[in-house]
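TrEMBL has this to say about the protein:
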{"type": "SIGNAL", "residues": "1-21", "note": "signal peptide"}
{"type": "TRANSMEM", "residues": "56-78", "note": "transmembrane segment"}
{"type": "TRANSMEM", "residues": "90-110", "note": "transmembrane segment"}
{"type": "REGION", "residues": "118-137", "note": "region 'Disordered'"}
{"type": "TRANSMEM", "residues": "141-157", "note": "transmembrane segment"}
{"type": "REGION", "residues": "166-189", "note": "region 'Disordered'"}
{"type": "COMPBIAS", "residues": "176-189", "note": "compositional bias 'Basic and acidic residues'"}
{"type": "TRANSMEM", "residues": "263-282", "note": "transmembrane segment"}
{"type": "TRANSMEM", "residues": "294-314", "note": "transmembrane segment"}
{"type": "TRANSMEM", "residues": "326-345", "note": "transmembrane segment"}
Amino acid sequence: MFVRSGIAYFALIVTFTIVYAHSHSHSDESPAFKYSKHANEQKEHDDKIYEPDYNLYVSALCSTLFISIVPFFILFFIPIDGTIEKQPLLKILLAFASGGLLGDAFLHLIPHALMPHNDKQGHSHSHSHSHGTQEHSPHDITVGLGVLGGIITFLVVEKTVRLFSGGHGHSHGDKKKTDDKLKKKTKDNKNKQEDIKIAGYLNLAADFTHNFTDGLAIGASFIAGQSIGYITTVTILLHEIPHEIGDFAILVQSGCSRKKAMLLQLLTAFGAISGTFISIYLRGSGEGLVSSLILPFTAGGFIYIATVSVIPELLEGSNNKFSQSIKEIIALLAGVYMMVLIAQYE
């Protein structure tokens, strides 16, 4: 409950920040310009541009619903649940999910966050310094700080949830040793299950922000043109299908039933819908905030979930079968390769 309310709170902060930034975008105009003839003509022109276009809203929102519903129906055909018999397949899908999360972070989110910075610097990635003139241009560390911020934030959230849920306890010394061992084992199993559930909710939070950025992209693309909007929709759909399958596997591993996992995945679609609506309402003016804050933050969340929550589960739950290990490694590489293909054709 604590994590779910945190997800809603974070979404509210993101929405408020973008709207606030948009409403203050013209605050630096001088009074002389503000009341000039040129300013009034510009205002009339802007009013025409920003006149609500309901067809644009309908097209963009329908496309957003389409990319949310299609992966949802595909999940009906994924034959996994929490039973022991399906554990090998579940582990393979978890490996696929970790590859997809890492590939998404390093090949999609971070490069997109770096694009505006590269444009400002003339696409220069040179690390050379001009020693003759003793000048040194500092590197832009905004994206890197955003990624680290995402990792640290998810760590803090997980630590906080563990504290509120009682943390890891110790056995009392006045009990018999056998009873202590049984109690400790039971408590460790309970704590492990609780930790897995936390990982599932953290993944939902990251997935919500990721869908939010997808919605912003769809809205901005439909503003540029309907054909561009449909191309972007297909691209995001191809990107979402493997991502949603991986997220579904993580939720099932977290202890959710198939039905609950599917419903939770469907709820994250509200992130995409809100992102699309805000993007059209602001006419793409919040793209700078998205690139500098939301994309790297989400990338940090994906990296944390893949390396801290998912991959350790693969190592801990390994049954030491060579064939199963090979399948998991291939699945992980397949998840990365899917993101490589999508990044190439974006």
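Indices start at 1 and increase along the chain as displayed.
Using N, Cα and C of the backbone, Cβ positions are placed for all residues, glycine too.
As the structure is a computational prediction, the values presented were derived from the model and not from experiment.
Using a Cβ-Cβ cut-off under 8 Å and counting only residues 6 or more beyond its ends in the same chain, the transmembrane segment (141-157) has close neighbours at 3, 6, 105, 110, 113-114, 117, 202, 205-206, 292-293, 295-301, 303-305, 308. Through the fold, the transmembrane segment (56-78) approaches residues 93, 211, 214-215, 218-219, 222-223, 226, 229-230, 233, 236-237, 240-241, 243-245, 248-249, 261-262, 265-266, 269, 272-273, 275-277, 279-280 of its own chain, all at least 6 residues removed from its boundaries and within a Cβ separation under 8 Å.
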